[in-house]
Ligand code: NA
Ligand code: NA
């Protein structure tokens with residue numbers, strides 16, 4: 001019985017993380033804030049629900065498999081996030097107007113997509129700003 | 001079994017195949033050499049005349065396609081013999097004549113081949129006992145005549161005429177085929193000799209009349225009966241020997257032959273008498289009227305041929321013993337003089353370069369032999385004694401006078417027609433040869449003997465036939481008439497019948513004819529002004545019909561095969577929905593749906609609704625990549641449903657495939673242009689509604705099917721035996737690699753092909769064109 | 001050496017997947033891992049030392065950060081005005097190798113509220129998006145003394 | 001050894017072999033001759049085995065029917081396989097010269113064999129889902145063959161070909177899912193027993209209609225044929241000849257199979273629909289042909305038209321009708337393939353497929369004229385060629401069933417067929433060479449490997465006419481087997497039920 | 001692509017994916033998985049490598065042309081069917097070794113067939129993706 | 001209180017997250033926004049799978065999560081690849 | 001649930017078909033893919049739903065009686081794989097078409113259909129290849 005309670009609580013905790021991530025995704029003002037907030041939280045949430053499953057079955061084989069899943073998530077999700085964030089930056093996805101600082105601005109060289117630490121202020125590093133909103137509906 | 005008939009046909013076919021080579025080897029004598037075969041066959045068959053007269057019938061049978069009623073079954077009786085002799089005899093002459101007429105023509109070899117092919121086919125028609133074999137040869141005559149009419153194929157007129165003849169006779173032939181098959185199915189046999197014996201049984205069938213009408217259509221078109229007569233004058237585009245052979249002496253008489261051949265079955269019916277006689281009379285008048293006004297020798301002869309064919313059909317339609325006798329006699333005499341006159345016309349054309357009768361005169365000095373042949377043939381055509389034509393005309397009048405209750409009409413008609421024949425024979429046989437020499441494109445020389453001998457022979461035979469009717473004409477006429485009537489008939493022919501109404505009519509005919517001949521120019525001139533009437537004629541109808549058919553075909557094809565994928569899909573969807581709906585509603589009262597939908601949970605609702613929303617969103621999006629992303633939602637949603645309902649393998653594949661599809665799409669899509677809205681809102685609405693009928697159909701089917709009780713499934717076997725027999729716990733996988741591994745074998749083949757396809761498609765693009773790809777900018 | 005360890009890890013992963021740590025599975029996992037590594041990593045060799053204690057302490061640190069950040073995030077997201085102060089901050093790093101950088105970046109990203117956007121081509125600077133950039137200097141210091149230092153220790 | 005399997009296995013083996021010989025085009029060409037000949041031999045031996053009416057069966061994987069997948073060869077299947085073998089051999093020979101090095105280097109022969117494999121699989125399988133799989137194999141191969149080369153027209157034609165055929169597959173698959181749900185089995189023999197027991201005939205008929213449309217698209221019947229005239233004229237002639245001989249015929253085969261074995265619960269409705277659609281198919285197809293100037297387009301529309309005849313025999317649903325369809329199938333495959341091949345030779349000789357740009361062939365190329373005339377006249381149903389007997393058989397069957405309307409239509413259409421064949425004749429052969437004609441290349445057309453297949457196809461048409469009795473007898477026997485679905489079921493299921 | 005992080009991640013993720021793909025293949029007969037999904041995962045490994053580095057690198061690591069994989073896969077699948085056929089039983093009759101091997105479990109022609117599927121799937125997926133990406 | 005209710009509660013929360021993620025997916029506005037939303041959906045899907053496994057006592061379901069965990073990031077990378085290449 | 005899934009099936013079919021009727025070739029292909037999904041769900045649903053009973057024989061058991069029908073699952077798996085191959089090919093075909101012909105508007109891809117009579121001035125340009 002206790003185990004089931006623990007399972008339920010871990011599960012709800014995980015679900016809550018995921019829900020928070022979703023709310024964040026919806027509410028955050030720009031892409032980068034959304035990314036900061038969400039997929040990671042959701043990953044964590046998913047990990048917790050997985051953990052709940054491991055506790056629920058409490059069988060070494062299943063536990064090991066759950067751990068494998070969690071590790072796989074930890075290995076892959078940040079890479080994906082990094083890739084999409086970087087791509088978005090190239091794409092000129094704008095930062096929220098309330099953003100306080102942008103150290104990255106002007107550091108990507110557009111010709112070969114290299115990130116140069118001491119970039120000069122030159123058109124070579126100017127990424128055109130994308131437009132907010134697109135023609136998704138019409 | 002008589003081997004001569006099939007051998008004759010076979011030999012002619014073989015010779016036809018070798019004709020071009022013989023022509024190459026012996027360019028000067030080929031025609032003469034090849035004429036030996038038909039001449040020999042002519043003599044062979046002539047030798048059978050007495051036996052046939054005595055009622056003997058020569059038959060030959062060979063199994064062909066019995067299951068389809070086609071038996072290679074031949075049959076030589078009096079009717080067949082008369083026709084065979086004409087075909088072979090005139091054929092031999094035409095071969096000789098043609099070799100000279102077309103001397104030096106580079107396609108002379110083909111000419112021989114086609115004439116011989118035609119000869120074989122025609123011989124086949126008249127000796128076939130099996131209705132379907134007859135049809136086989138019948139169609140062969142159409143094809144060989146098509147090739148012959150289009151001999152001067154580089155002229156558009158020739159091609160037009162060839163096609164016209166082919167379509168008209170071919171169309172009739174098809175109707176005839178249906179009629180023959182009907183007849184065969186009613187009678188249970190396709191052997192004409194047997195069918196001829198069971199007229200009463202056949203007539204009892206409700207299908208008898210349709211069969212008759214269909215066969216009649218075949219006969220009428222082939223024999224150029226009104227309103228199908230128009231192809232015959234057109235066919236004069238063929239070289240003159242062809243016209244002489246096909247369009248006067250033989251092929252056009254195939255219809256007459258068929259009517260004669262089948263008259264034992266049909267002739268006792270009122271429909272036969274009305275229709276056949278009626279068509280004959282109409283054709284006769286039409287031919288006569290159309291002949292007036294023609295100045296081209298061949299056209300003139302062609303229209304009189306139409307008229308004569310009408311006469312024969314009319315006589316056959318009347319069907320009395322006398323009428324049959326008249327018909328056979330008329331047929332025989334017509335073949336002789338018309339063949340001769342065509343050949344004469346050819347010789348004149350050959351030597352002078354024109355066939356315009358108004359320009360021809362005084363040729364007797366330059367072409368005496370030709371003039372002689374022309375005069376003799378004209379004598380017969382005009383029905384003057386002592387030619388055979390005279391006797392034929394007398395017998396014809398005898399028939400019309402006896403034809404109660406319409407003897408007045410028939411006789412009057414015959415009178416007019418015969419008078420016209422007198423006039424035309426004057427125009428063809430006298431006018432070009434007498435009087436002062438006219439101006440012609442070529443200076444006339446005597447025609448070579450090979451051009452003159454054949455018409456002389458034919459015309460001379462016509463004269464001799466009149467002089468010795470009982471020796472030369474009566475046996476053939478008797479034999480054929482007996483065959484038509486399937487009863488013995490004694491035929492007596494004499495030049496002098498004494499003073500009788502027929503003779504009076506003949507005199508009247510001659511008077512009228514001479515009057516017409518003398519005053520031909522004003523009459524011709526007057527009719528020339530009536531040419532516009534032709535616009536309402538069948539020839540024009542054919543042309544307009546063909547043009548409209550072409551136009552309709554183009555219009556319809558453009559409408560259907562319009563290139564719009566949207567239209568194609570709509571058609572498919574609506575067809576499916578209509579057929580499926582029709583099928584379901586046909587045998588069920590309303591829809592049987594399920595009322596127990598099974599338990600449902602909120603998270604399932606969320607999944608379902610999300611999938612629906614995602615799908616609907618796709619219709620509204622203009623961003624390609626967003627579409628892919630949303631497709632992902634649909635895919636993931638479905639995967640979760642699969643998982644939930646016990647299909648983890650499916651869910652796994654679905655997840656994996658979704659990911660790969662995204663990669664694939666992304667690799668492809670940045671080479672594709674962005675979406676643009678191209679369709680108008682009403683069209684989109686229409687599309688959506690059509691698509692919805694498809695969707696609705698599937699929804700309803702799902703509900704109907706799931707409302708049914710569960711039947712025993714073969715899967716039970718898989719669930720029970722996967723582990724014990726196939727050593728696997730994952731039943732789905734065991735099905736995939738073992739129980740139904742064969743499906744998977746095909747499946748990986750498809751995959752392999754897809755791989756090769758993508759590779760080949762990208763690496764090998766022959767029609768490559770550089771396209772400036774606009775940067776994707778929709779997001 | 002690394003390859004061997006990687007191979008051992010793969011053998012363990014195999015056994016984890018198949019949920020059986022019996023010798024045949026381990027051996028098979030090892031052989032399979034060997035094959036796969038032969039296919040993929042050939043020709044790269046680096047020394048490797050076990051740092052179990054450091055790893056453990058590092059994990060503890062990371063879990064602490066994770067929970068803290070998650071709670072912060074929950075508060076932020078659920079607040080009516082969210083009170084965001086986002087920014088992209090360049091954080092200088094001096095890590096010994098690419099693996100260390102990757103680990104750092106992954107951990108930063110996994111922590112709610114921060115997102116490692118990229119590493120400069122000379123591997124001397126990591127650019128991090130944070131939801132709390134009210135004081136960039138403070139953030140840099142926090143990162144360097146927390147994550148960066150501990151990762152560096154792990155790889156020494 | 002099960003000979004039933006061989007026609008399917010041989011192409012697969014040769015797919016593998018030609019794939020391994022990817023970089024050796026000459027070897028691939030040799031393999032194509034070997035493979036197609038082997039296929040023909042296998043088909044002939046199967047034909048010999050089943051010609052007495054026996055039904056040869058093998059259970060793949062040794063799983064008893066209806067659980068595993070069954071391969072079944074009745075006489076109808078064997079006849080279709082034999083035709084396939086003949087077409088394969090002749091197209092393989094034609095391809096020696098008719099397919100360029102580039103295409104061979106990019107997988108033509110593996111695709112060729114895959115197409116054959118799909119076709120043979122479809123003819124052999126006794127499982128409705130497995131039929132779907134072989135359809136897909138065949139389609140996928142044909143997709144690639146259609147587009148292989150990437151010429152402009154090819155790509156454009158392939159797009160529609162692919163999309164519309166996939167629509168058909170979609171419907172096929174849906175119908176199969178529903179069928180499984182209703183009957184609980186996929187084995188066609190089992191289905192033939194179970195479907196009459198389904199106490200909702202309306203539903204079964206509805207499923208039948210779904211199959212009708214699905215196969216109807218593949219068979220290119222009215223009003224579902226659009227993909228065919230849009231695409232068939234675009235690939236190389238050898239490919240079109242292969243397609244014209246086999247692809248649509250697999251659709252017809254499937255229609256025959258399901259409408260003689262499975263869907264017999266409402267014959268009055270289903271087969272009347274077939275008959276009506278058959279009539280429209282004939283007419284619309286031939287009118288389409290009449291409107292064309294490109295020889296390949298013209299012939300493509302004729303394919304549609306001829307499919308109508310095949311449908312007619314099925315719609316009559318009598319032994320004679322089915323026999324006619326089978327006979328007609330053999331005829332039309334030979335005649336149509338011959339015509340496409342001849343069109344290819346004309347193109348090589350005169351430089352164009354467009355009737356307005358060619359001419360004078362009758363004068364200069366008498367042998368080509370004969371080569372064309374035989375299949376053309378056969379197609380138009382002129383005696384004594386195969387087409388006549390096909391037409392005659394259909395007319396007889398139609399009249400025997402009292403279906404006068406369809407007989408009338410079929411005869412009228414045969415006249416129009418003649419008309420459009422004469423169109424090619426008049427334009428390409430009789431007409432003088434037009435001014436705008438491309439340069440002539442007399443020798444290009446007369447390679448043995450090009451002429452022989454065309455000649456052989458034409459001769460087949462003649463032989464089918466001369467030997468109409470035995471061939472029709474075979475077709476009739478095949479039809480007899482088809483008319484007794486119980487035989488099929490017993491052969492497949494053995495003593496099970 | 002110029003990302004260091006991806007480049008590094010690919011180095012450890014690729015072996016992992018390959019091991020996992022074999023896992024799926026071997027376990028497919030008894031647990032969920034199988035040759036098809038295994039093949040997809042294996043292909044994913046090489047695709048990841050190709051994205052992180054470039055296609056030429058991925059091809060080098062693969063060593064054989066994807067087309068050869070397809071051909072071999074078909075050959076293996078075909079042979080697995082022929083084994084039964086050549087012993088006089090119907091094509092694709094499953095033949096099994098008596099004793100199960102460690103790790104893999106029972107060995108039989110269906111498993112061999114699944115290996116063929118695996119190879120074909122890897123070959124096809126890579127052939128498609130590589131060809132597209134190289135353009 | 002029945003323990004199942006808690007499981008359902010968890011599922012409800014995840015489902016709600018799914019709805020929110022979907023809204024973001026549709027709203028965008030940029031492509032990366034959508035990709036991030038998809039990423040979230042993937043995570044939520046893993047959560048749902050785990051919940052299913054618990055709810056229906058089916059450990060086999062967990063295996064499916066493995067493949068999502070290992071493969072789905074490739075989709076995101078592909079999107080990133082696209083976005084970077086089109087610039 | 002059957003009702004809901006039936007509606008989902010209908011919607012997927014509708015949207016799939018609707019997209020196939022668009023003028024943009026890319027949309028057409030998306031429609032085809034949706035159609036594929038719709039069919040899979042159709043087979044799955046008509047194969048009768050059985051919640052959370054995968055056809056996996058538990059360790060120690062010889063067979064399994066109460067489970068989801070494995071056959072539709074196998075059929076769908078086969079169908080998914082086939083449609084993956086076909087989709088890949090179709091996508092590349094679309095792309096090549098666009099590269100070579102310069103358009104992916106289906107309304108501009110009509111040259112192989114429409115009959116010459118309606119072509120501007122009859123005789124077309126020379127065909128490519130054989
Ligand atoms: Na599996
Ligand atoms: Na599998």
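Even glycines carry a Cβ here, placed using N, Cα and C.
These features come from TrEMBL:
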- D:127-417: domain 'NADH:quinone oxidoreductase/Mrp antiporter transmembrane' (DOMAIN)
- D:6-24: transmembrane segment (TRANSMEM)
- D:31-51: transmembrane segment (TRANSMEM)
- D:71-96: transmembrane segment (TRANSMEM)
- D:108-125: transmembrane segment (TRANSMEM)
- D:131-149: transmembrane segment (TRANSMEM)
- D:161-183: transmembrane segment (TRANSMEM)
- D:203-225: transmembrane segment (TRANSMEM)
- D:237-256: transmembrane segment (TRANSMEM)
- D:298-317: transmembrane segment (TRANSMEM)
- D:367-385: transmembrane segment (TRANSMEM)
- D:405-425: transmembrane segment (TRANSMEM)
- D:446-472: transmembrane segment (TRANSMEM)
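If you look at the transmembrane segment (D:405-425), the same-chain residues 6 or more away from its ends with a CB under 8 A from one of its CBs are 275, 278-279, 282-283, 286-287, 289-290, 292, 295, 298, 302, 305, 308-309, 312, 315-316, 355, 362, 372-373, 376-377, 379-382, 391, 394-395, 398-399. In this chain, the transmembrane segment (D:298-317) lies out of contact with the transmembrane segment (D:71-96); the count of Cβ pairs under 8 Å, excluding pairs fewer than 6 apart in sequence, is fewer than 3. For the transmembrane segment (D:108-125), the residues of the chain that approach it from at least six positions outside its boundaries are 4-5, 7-8, 11-12, 14-15, 18-19, 28-29, 31-32, 35-36, 39, 69-73, 77, 80-81, 84, 88, 91-92, 95, 99, 131, 133-142, 144-145, 148, 242, 246-247, 250, 253-254, judged by C-beta separation under 8 angstroms. Proximity of distant same-chain residues to the transmembrane segment (D:446-472), defined by a Cβ-Cβ separation under 8 Å and at least 6 residues beyond the stretch ends, is recorded for 86, 90-91, 93-94, 96-98, 323, 327, 330-331, 334-335, 337-338, 341-342, 344-345, 348-349, 371, 374-375, 378, 383-389, 393. If you look at the transmembrane segment (D:298-317), the same-chain residues 6 or more away from its ends with a CB under 8 A from one of its CBs are 219-222, 225, 228-229, 232-233, 240, 244, 248-249, 251-252, 255-256, 259-260, 267, 271-286, 288-289, 291-292, 323-326, 328-329, 332, 336, 339-340, 343, 355, 379, 390-391, 393-394, 397-398, 401, 403, 406, 410, 413, 417, 420, 423-424. Cβ atoms under 8 Å from those of the transmembrane segment (D:203-225) belong to residues 135, 164-165, 167-169, 171-172, 174-175, 178-179, 182, 195, 247-252, 254-255, 258-259, 262-263, 265-266, 269-270, 273-274, 277-278, 280-281, 284-285, 303-304, 307-308, 310-311 of the same chain, restricted to positions at least 6 beyond its ends.
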